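Annotation comment: Swiss-Prot describes 20-59 as repeat 'WD 1', evidence class sequence analysis. The repeat 'WD 2' feature in Swiss-Prot is assigned to 104-144. What Swiss-Prot lists as repeat 'WD 3' is 269-308, and the listing cites sequence analysis. Per Swiss-Prot, the feature region 'Linker' maps to 308-445; the stated evidence is sequence analysis. For 423-442, the entry in Swiss-Prot reads region 'Disordered'. The feature divalent metal cation binding site is assigned by Swiss-Prot to Asp884, Glu886, Asp993, Asp1046.
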Amino acid sequence: MDADWDEVTRIAFPAPGSNDYPRPATALAFDTIAELLWAGNDRGRVVSFYGRDLQRYTAFKIHPPSEGPVRQFLFHDKGVIALGTRSVHMAMRRGPTLWNIRHDEMENLQCMSFTSKGASEIIVAGFQDTMFVIDVVKGEIVKQKSKYICAATRTGCVDLLDPITFKTVRSWQAHASYINDMDAQNDFIVTCGGSLKQQAAQTYMLDPYVNVFDLKNMTSMKPMPFPPLAAHVRLHPRMLTTSIVTSQHGQMHVVDIMNPNTSNVRYANVMSFINLFEIAPSGEALAMADTECNIHLWGSPSKIHFTDMAIPIEMPKAEEPAPMLDWSPDTPLSSIGMPYYREQLFSAWPSDIISDIGAPPVQLDPSFLASLKQMEWGFYGRNSRGLRRNQVEDTRACMKPSMQPPKFLSEKARESAMSYSAAVPDPKVEQVPESSTDELESLKPEAPPIYRNLEIKYSKFGVDDFDFGYYNKTQYAGLENHIPNSYANSLLQLIHYTPLLRNMALQHAATACVTDLCLLCELGFVFDMLQKAEGSTCQATNMFKALGATPQAAPLGLLEEETHVPSLSTMSQGLSRFLFDRINHDYRSINPISTTLEQTLFNLPQPPTPDELVSRVLATSAVVTIKCMNCRSETTRPGTAQVNDLMYPPPKGSARGGRMHKTTFSQVLKTGVERETASKGWCSRCQRYQNLQMRKTIHSVPAVLAINSAISSQEHRKLWATPGWLPEEIGIIVDQGQFFCFEGEDLKLHLQRGMHNITVYSLIGMVVNIESSSPQKTHLVSVINVAHADAAPSAESKWHLFNDFSVRPISTAEALTFNAAWKLPAVLLFQVKAANNKTNMDWKTKLDTSLLYQDLTPHSDEKTYHVLDLEAEPPGPDTIVGLDTEFVSLKQPEIQMNSDGERETIRPMSHALARVSVVRGQGEHEGEAFIDDYIAIREPVVDYLTLYSGITPGDLDPRTTKHNLVSLKVAYKKLWVLLNLGCKFLGHGLRQDFRVINIQVPRAQVIDTIQVFYLKARLRKLSLAFLAWFLLKEDIQLETHDSIEDARTALKLYRKYLEFEDAGILEAMLEDIYKVGRATNFKPPRKDDQVIQRTDTPFLSR
């Protein structure tokens, strides 16, 4: 404490409200990262003061006034944490609440502290048996605490608690009766308290000393005398052995713990008692609060500040007064508010006299700039940009993306109907622009349009109105990207085009597996969709829902909405490890349908077991040898891995006069697979931590070699950007525990010699990270050689770029060229060349259909369905089944107003499947349901859409439902089995049903009555209720929808359609239907006195 220290500011602590009287502060603390002083009172109100003048900054309540005082403050980089008697409250420094936590066992909280350095959690304690550890936010802790938790008890004891187990490590009796104040810092604890002076009168008095305890040696030290009776004590934050002690009347002593007999004395001019005392983190300020509701700030007037590295304080913006306008002939019209007008203004200049100014600068290639030579007046070089001398480049046209968003399908339909030329497409719109052949897209300085992140646009008709076909002219299906966790689209595509993995997924999905969160089944369902789509766009909604519900996914940082992983590349690599582990686990759970192809491929005497097949396809079998560098002892453990991380050589400086060593992909892969590393670890022989050396001995490599690129430095990026660095084929030899890898000419030489048992692997493809600059978002694409997955082998490579729903062919050079600035691989898959084009379709002929004949509620008297008869009703390609579903809403649509004042849909309403009904379409029991499943939904439902779905909250609750409630997996698999048996699905508006179910049905297996009763020239599709009223003379959907009733009605309409077609009057009937529809507004008329009593789905009895 310098000689010029004195009271700098004194303010009155504000009253809790305008009608209340001032109250003393109950908590006082300096902010650790801002120039703020915080105080709280006994009414739960928190107030902050800014700077040396204690200017009032913010004020808010942390709990109701009846809950008592504010106890303590802690500070985090995101806000301030305030402790009440029954709650913990965190708010931003400018006031808004971040969170407020309460608990039934929070009875009388007294104190809190951060648990440890680097942990974003606090421990809260009080006069109760339970301590609470609260997770604050994920971020950096700005204040370090000691090794132990120091706790003061009611009886005057100081207990040291282990922060992990909360057990008492050491205890001291500091004071006879109670502890009034305590502080801990570095290796010292200081306390001041009181003792009972008169037993009969129960009179307590503060002790005339301060106790000191040494945490390093776990001993008590010589007390510091303080004759004025010590009321408060604080350790100096900068001087390790200095403390400041104060009495209730304002006498302050600055005392050295090691020399307590000498002190520096100051006096604070207070008219009452001091009840709070704090020192700033900088050590340059003191704050005291007295019982007369005053706050005193002490320090050196010339250098007082609260913290050394203070963040700027966000102050409220001053409201700008309205400008004064002087009306004159020179005043611009735009400065005055304009009324609404209907005629064109004179200021509306025609476009031919308006020109753009301030064109953006030319984007120059970094390689072109590097080739220029510097002179005193600037740079010069060869003109390699293709422009003539003094020619100006139109940079506005260059910056416009070459791939403009397409028109909505409804817009195209209207334009086609108006021009009567629907068969002639507009080449400017329909044709996807092709990249220039002069230069590879991957060599451009920034990501070109074909690699950029694409967004789905929504019209009032939803996502079905978006023209996905504009982005994909190939036979290979893309995936929609507006679903949570759709960053995994690229990895799903890569696995799908790996034949061995696709075979495993489809074989497993065709078994009797009904495990709810089986990701291998979900992969099989997605792969089946992609195969059946034939170039249409699919979605992996059910797969991502299962991934999100898997307990291990969130802790591993695999979910987009809950992760704080810095890059999508890291998430994709983590997902590859997780999915391969799940494939390994799920495939072993049940015997596959058929493994004859794998038996032939691996040359086995009998079909492999699930364990054997998983090991041969996925696992790099190895043993890790751990060697202690001190005692030279060695231990071994299994080191099998499904995914290998590449390991790059350390960076080396270029030696003068010597040649730089060329690093090949094969060398990096060998280093990554064998993985020789050194680290600190426990040696059981030395009984202490030693330097350990670890190395893998490789026994076998899998048929599918999954590799994470593990790029972490600029040197790694430059290595990948080397032309031709990634080979399309590699050769691997495993001999006597060593792994050898060859590529290019070395591979050809080994194959010609034939001396070693070398296995050739083909590059299937890779997940590529595209790092785009703002406003584009970084995202993932996949680059895949689909030739290895086609049914027939191809002599040439067929590289394709899968950018979510955009799919296009690219050249081999484009596929294997990377750019250190924006295009780098994250995950690579190699497969044994002998397995290319090997597709096992035995699962279709041996499909497990037992689920169709299982009655999950056999003893219910209120059944609305009867399952199929195994003998009399086997479904097949000639079977027609009526289908209808009901949905509920999980998320409301996100809508915003655009710059034109129009409503624009950012994200449409999110639906979930709630009920699936399937009825027989032929036979003796035609129209009778054999599936009527209600779906148990995990996600919170925001709207049951009861008016349209007939679903009520009790229908989907396992505790109250009267219906057949099943998991989404069971309901989906029944439909998937029917689909792969070749059944035809009949219904009305099935496109939306299939979308919510998340299933892809070929057109040949769909009979949609909304299409058969549709005139394209009318641009109006007819509702089921209207068709039923006009053609069947039936009234349906009077109050709510019933899926069984709707499926039966669609079946009856289809029978009518067949009658009209056989009679040759279909076109005439359609004209009559539309004619009557226009007169009734395409709605079935209702009689005014008609009273409708809606009932539930009728029960069936046989």
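Numbers run from 1 along the shown chain.
Just so it is clear, glycine is given a Cβ too, placed from its N, Cα and C backbone atoms.
Summarising model confidence by region, the repeat 'WD 2' (104-144) averages a pLDDT of 70. Non-local contacts of Glu886 (divalent metal cation binding site) by the CB criterion (under 8 A, 6+ apart in sequence, same chain) comprise Ala914, Arg915, Tyr948, Ser949, Gly950, Ile951, His1041, Ser1043. With respect to Cβ neighbours within 10 Å, the binding-site residues Asp884, Asp993, Asp1046 differ, and Asp993 shows the lowest count. Other than Asp884, Glu886, Asp993, Asp1046, the residues of this chain whose Cβ falls within 8 Å of the Cβ centroid of the divalent metal cation site are, in sequence order, Leu883, Thr885, Arg915, Ser917, Gly987, His1041, Ser1043, Ala1047. Asp1046 (divalent metal cation binding site) falls within a helical segment according to DSSP. Sorting the repeat 'WD 1' (20-59) by DSSP state (H, G, I as helix; E, B as strand; all else coil) yields 0 helix, 23 strand, 17 coil.
Across the repeat 'WD 3' (269-308), DSSP classifies residues as 0 helix, 18 strand, 22 coil.
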